[in-house]
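So that you can see what the record holds, here are the features copied from Swiss-Prot:
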| type | residues | note |
| --- | --- | --- |
| CROSSLNK | K886 | SUMO1 cross-link |
| DISULFID | C96-C347 | disulfide bond |
| DISULFID | C750-C804 | disulfide bond |
| CARBOHYD | N67 | N-linked glycosylation site |
| CARBOHYD | N73 | N-linked glycosylation site |
| CARBOHYD | N275 | N-linked glycosylation site |
| CARBOHYD | N378 | N-linked glycosylation site |
| CARBOHYD | N412 | N-linked glycosylation site |
| CARBOHYD | N423 | N-linked glycosylation site |
| CARBOHYD | N430 | N-linked glycosylation site |
| CARBOHYD | N546 | N-linked glycosylation site |
| CARBOHYD | N751 | N-linked glycosylation site |
| SIGNAL | 1-31 | signal peptide |
| TOPO_DOM | 32-561 | topological domain 'Extracellular' |
| TOPO_DOM | 583-638 | topological domain 'Cytoplasmic' |
| TOPO_DOM | 660-819 | topological domain 'Extracellular' |
| TOPO_DOM | 841-908 | topological domain 'Cytoplasmic' |
Amino acid sequence: MKIIFPILSNPVFRRTVKLLLCLLWIGYSQGTTHVLRFGGIFEYVESGPMGAEELAFRFAVNTINRNRTLLPNTTLTYDTQKINLYDSFEASKKACDQLSLGVAAIFGPSHSSSANAVQSICNALGVPHIQTRWKHQVSDNKDSFYVSLYPDFSSLSRAILDLVQFFKWKTVTVVYDDSTGLIRLQELIKAPSRYNLRLKIRQLPADTKDAKPLLKEMKRGKEFHVIFDCSHEMAAGILKQALAMGMMTEYYHYIFTTLDLFALDVEPYRYSGVNMTGFRILNTENTQVSSIIEKWSMERLQAPPKPDSGLLDGFMTTDAALMYDAVHVVSVAVQQFPQMTVSSLQCNRHKPWRFGTRFMSLIKEAHWEGLTGRITFNKTNGLRTDFDLDVISLKEEGLEKIGTWDPASGLNMTESQKGKPANITDSLSNRSLIVTTILEEPYVLFKKSDKPLYGNDRFEGYCIDLLRELSTILGFTYEIRLVEDGKYGAQDDANGQWNGMVRELIDHKADLAVAPLAITYVREKVIDFSKPFMTLGISILYRKPNGTNPGVFSFLNPLSPDIWMYVLLACLGVSCVLFVIARFSPYEWYNPHPCNPDSDVVENNFTLLNSFWFGVGALMRQGSELMPKALSTRIVGGIWWFFTLIIISSYTANLAAFLTVERMESPIDSADDLAKQTKIEYGAVEDGATMTFFKKSKISTYDKMWAFMSSRRQSVLVKSNEEGIQRVLTSDYAFLMESTTIEFVTQRNCNLTQIGGLIDSKGYGVGTPMGSPYRDKITIAILQLQEEGKLHMMKEKWWRGNGCPEEESKEASALGVQNIGGIFIVLAAGLVLSVFVAVGEFLYKSKKNAQLEKRSFCSAMVEELRMSLKCQRRLKHKPQAPVIVKTEEVINMHTFNDRRLPGKETMA
């Protein structure tokens, strides 16, 4: 008998039952906690504590389970396995064991050999493999089930290269731990072909932690810029050994590629002055990150690091932070794939996990802001190529952030001092520096004292005062040492070695060189200089020439011989022009008998001799009885008077100086004069900046001078300025030296003088070893002294001296025979000439009288002589037969003295 319940066949009832069953299942599902297992494989050392990565793995799982924010309905469990270092077989076995239990992902191991073994198994079975350390990826990488949270080293290598370029390093030493270091730093190793960079590569010893032999070799090779690619344990050991080797000074700059530099104990090196730079990926400035790290520290203290690890207690290492972030990134993918279930997998069956591909894709697409910043992956190779790095540097306060780097923007240096104002004494305060110098008056000299002096008190001078001012501003103490070989510093052409103060700076035997050390191109290549504290140039020191008297004919000196000749020619030319114009101008003829207005005879005073006499009279400022009447002749006379006014005024103005000033005639006036002769020897300080200037100069004159000096090297090059000055005083020798020293010497020795101007222009600067952090501080202090006027005051103090005695001033210099004796000679010559002319005139007149009176020449001459000696009135000699000239003939006459007026028939 079949019993039928009509209600069961009701469609409405059936839909209601299905809905209730669905709701019950959903409620059951939401109330049920899903359990998911992660696997972790970690290396360990026998009898060692739990590793930081394993501890971080457990810490991350426990944190997620406690918070229930990321996975509210999933409980994470873990299975951790420990293996020996580099044991790939054991790593494979442990991985298979975990896969048989059923794990959603395997974390670790760290070292490449073990990681590769686990990776191959994960690829075969489709289980994600999560790495937190760098692993070399080949170009045809087929590890599709692999992601790494460690920053991609091709990007990290670019960050290191950017840092090298920022510091403007020209030489770099790369020290790596194992062969993979060369792969990690491939961008840097390629740099020399693209940048002006010299690269030296060294490897740390593989079988021992003793790096002292390598460090000793680097110290001997003066390798100050070093990049260490090694673990933080090795980095801690290297720092300790470098400190013992004296390589933790301000001249060394180390860059560490390890991201755990911030966790090292750097307390012993804070005040050493060493430059230490590195990167940090842990975002410690984030408050949430700091809170997590603080919780981590409490658990870490339960399993402190090994004593020889070099890490500070409680610090979270980068590996631990990456492991913490790795667990959270995988958990994000779990959150997005709630229907995922884990099944047991067997390594020998090669049956992949059915959810593996989808789950791996979700992991690569995951985004997470973790302890190490933003986390994203390259979907192709699973590498972390987008990340942010903090650039950290060692300061006296500890390791501080000085910049950031990211693949997109590159390096951004901020030098943040946490709001502290910049202080130029930061790197020099309370430091004790070795200062090398050289004895050179007035820069550095021994202090004169009745009591014995010791240490820095033995010295005084301009450079000592400068050093004292720098010490006051920058707050350092110093010890002054004289350079051992007594040289400034020059390079030997044979072996390229330097000497003097430059060598001591190169060898780091001194921290500063405060001396008259010139800034030159060749020196700047091996040491650093501050801005110049004194500007100068090369000049010539020579004896003052002996004074020469003006000479008896010195009255001719105001005008050059050419001008005297031109004046004479001008006088002759003007006389001739005046004569011609006076003859042709009708207004220059006049009636010699004004009482007889009807006279037809006219005369012209400007004969050739009278014209010349007019010009000479005007030139001598005496005038004459001749005066031009016509406008044309007056124009000639006026222009000539103006000309003579200027000439005589100029002559008079210069005459006093030429008669009273004692002339100094030097055989040389410039470097060209020195180069053109060989009689006067010349030289400079051996191995000094002046010698180097002539040695390197390409200018023909200076090259010729260097050829002369090098050919007589033993005789013309001196050891010091004092020796050169003494040679100038005692022999025919010109000394090439700095103009400031010449200024000092000439103010104290009146027998010496500077010849010519400056041959070049340069400056004195404070020398420091190459790359010294003190240079910029000293430059700022020097500029401060310059603005305050203290540099000028110090120069006045040491250069002023007593000076040469000034000559007594005279209102009017007494002129002696040696000054104006020539005037008397000219006077005597004029008198003698006038006597001879008078005799000639006497003879000429006697001959004329004899012809007129038709008598002998001797009788006429005797009569003229008798009448001249008696000083009686002379009678005019009359001719015997007067000559009558007709009017027509007179009119046509062109004589030089008179002419007839036109229209007259007879002459009275």
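Just so it is clear, glycine is given a Cβ too, placed from its N, Cα and C backbone atoms.
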Looking at the recorded positions N73, C96, N275, N378, C750, which has the shortest Cα distance to N67 (N-linked glycosylation site)?
N73
Neighbouring C-beta atoms (10 Å sphere around the C-beta of C347 (disulfide bond)):
15
Considering only the glycosylation sites N73, N378, N412, which residue has the minimal Cα-Cα separation from N751 (N-linked glycosylation site)?
N412
In whole Å, how far is C96 (disulfide bond) from N275 (N-linked glycosylation site) when you measure between their Cα atoms?
48
If you count Cβ atoms within 10 Å of each one, which of the disulfide-bonded residues C96, C750 comes out on top?
C96
Could you find out if DSSP has N73 (N-linked glycosylation site) as helix, strand or coil?
coil
Using Cα positions only, nearest of the recorded positions to N378 (N-linked glycosylation site) (N73, C347, N412, N430):
N412
Using DSSP with the three-state reduction, classify N751 (N-linked glycosylation site) as helix, strand or coil.
coil
Can you tell me how far the Cα of C96 (disulfide bond) sits from the Cα of N73 (N-linked glycosylation site), in Å?
28
Which one is it, among the recorded positions C347, N412, N430, C750, that lies nearest to N73 (N-linked glycosylation site) by Cα separation?
C347
Provide, as an integer number of angstrom, the distance between the C-alpha atoms of C347 (disulfide bond) and N412 (N-linked glycosylation site).
49
Taking DSSP states H, G and I as helix and E and B as strand, how many residues of the topological domain 'Cytoplasmic' (583-638) are helix, strand and coil?
25 helix, 4 strand, 27 coil
Alpha-carbon spacing, N430 (N-linked glycosylation site) to C750 (disulfide bond), which is rounded to whole Å:
46
